[in-house]
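Pulled from TrEMBL:
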- 7-24: transmembrane segment (TRANSMEM)
- 30-48: transmembrane segment (TRANSMEM)
- 60-78: transmembrane segment (TRANSMEM)
- 84-100: transmembrane segment (TRANSMEM)
- 112-131: transmembrane segment (TRANSMEM)
- 143-173: transmembrane segment (TRANSMEM)
- 180-203: transmembrane segment (TRANSMEM)
- 236-257: transmembrane segment (TRANSMEM)
- 269-290: transmembrane segment (TRANSMEM)
Amino acid sequence: MNIFQLKIIAMIAMFLDHIAYFFPDLPMSLPLHWIGRIAAPIFIFGVVNGVKYTSSKRMYILRLYLASIVMAVIQMSTQIELNFFRTLFIVACICEILEIRKNQKAVSWIKVLSLYIAYQVIVCIVCGYLSSISNMYTETICFYLIPALLGSVFTTEGGLIFVVLGIIMYLAYDNKKRLILSYMIFVVVYMFFMSTNIVPIILWKIKELIPIIGTGLSHGMEYLLSVIGGISPMDVGGNIFTIQYQWIMVLALPLILSYNHQRGKKCKYLFYIFYPIHIILLWLLSNFVFV
């Protein structure tokens, strides 16, 4: 299966998932969400593949960046949390940094990665502070536009969880056995934290064991996990088929493994156009229906 075919499958799955997102009362909303779980891993794999094979990496990453800003503007207008372009942009940036390893004469990739991580930490602190002092008129700017302009992981869709998945896919790209093993471990670990109460328990223990600063530290960690990590301690636990069904993303693995290293049809801007348009249309339709 070529990359174009994989992207089409991911787009269809994403579209069905977003139908359920905007119309949660549909009888088939839950199965649509199940189908949608395969979309993110395939798109992330597509970005990893793009960084490795695109003829102009800078332009490729720039397109993702500009698309994330466009979506941030849409987010400000619609109050929705959908902007996977920013997640893909961050994944692409890290993959490009890791690509430096292939060039022995290049500056140390570890140094560049360390600087990038430091940059992300500083930006997250700034975004967190701005959001804490924002009002109802500036909140969307602090949560959506500023992080997009700065390429920050702050409030990015899926959080660091999907960024980690992108790194795993990059490191295991050339070895199918390693990809299978690392992907399965990722899914199991992710579901362990999402389907159990281990995260709230850890945060509660911190409160108990550190009497003076424990409460503040616990609340701070809870906030960071929610807006950066992609795991909200308040939303963990529950049935793995009706609430915590992200594990169904494992079904994307056979599709990813079927990739034949062929590009397929040339539709460079298809996803860039389809993503914002289908979200706007579904948002308008949902507002019309609910009104």
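Residue numbers in this text run from 1 along the chain shown.
Each residue, glycine too, has its Cβ placed from N, Cα and C.
Note that TrEMBL annotation is computational and uncurated.
Between the transmembrane segment (30-48) and the listed ranges 60-78, 84-100, 112-131, 269-290, the one holding the most Cβ pairs under 8 Å is 84-100. Here the transmembrane segment (143-173) has long-range neighbours at 40-41, 44-45, 47-49, 51-52, 65, 68-69, 71-73, 75-76, 81-84, 86-87, 89-91, 93-95, 98, 120, 123-124, 126-128, 130-131, 179, 181-183, 186, 190, 227-231, 256, meaning same-chain residues at least 6 beyond its ends whose C-beta is under 8 angstroms from one of its own. The stretch in closest packing with the transmembrane segment (112-131), judged by the count of Cβ pairs under 8 Å and taken from 7-24, 60-78, 84-100, 269-290, is 84-100. Within its own chain, the transmembrane segment (7-24) has Cβ neighbours under 8 Å at 30, 32-33, 35-39, 42-43, 46, 82, 255, 270-271, 274, 278-279, 282-283, 285-286, 289, counting only residues six or more beyond its boundaries.
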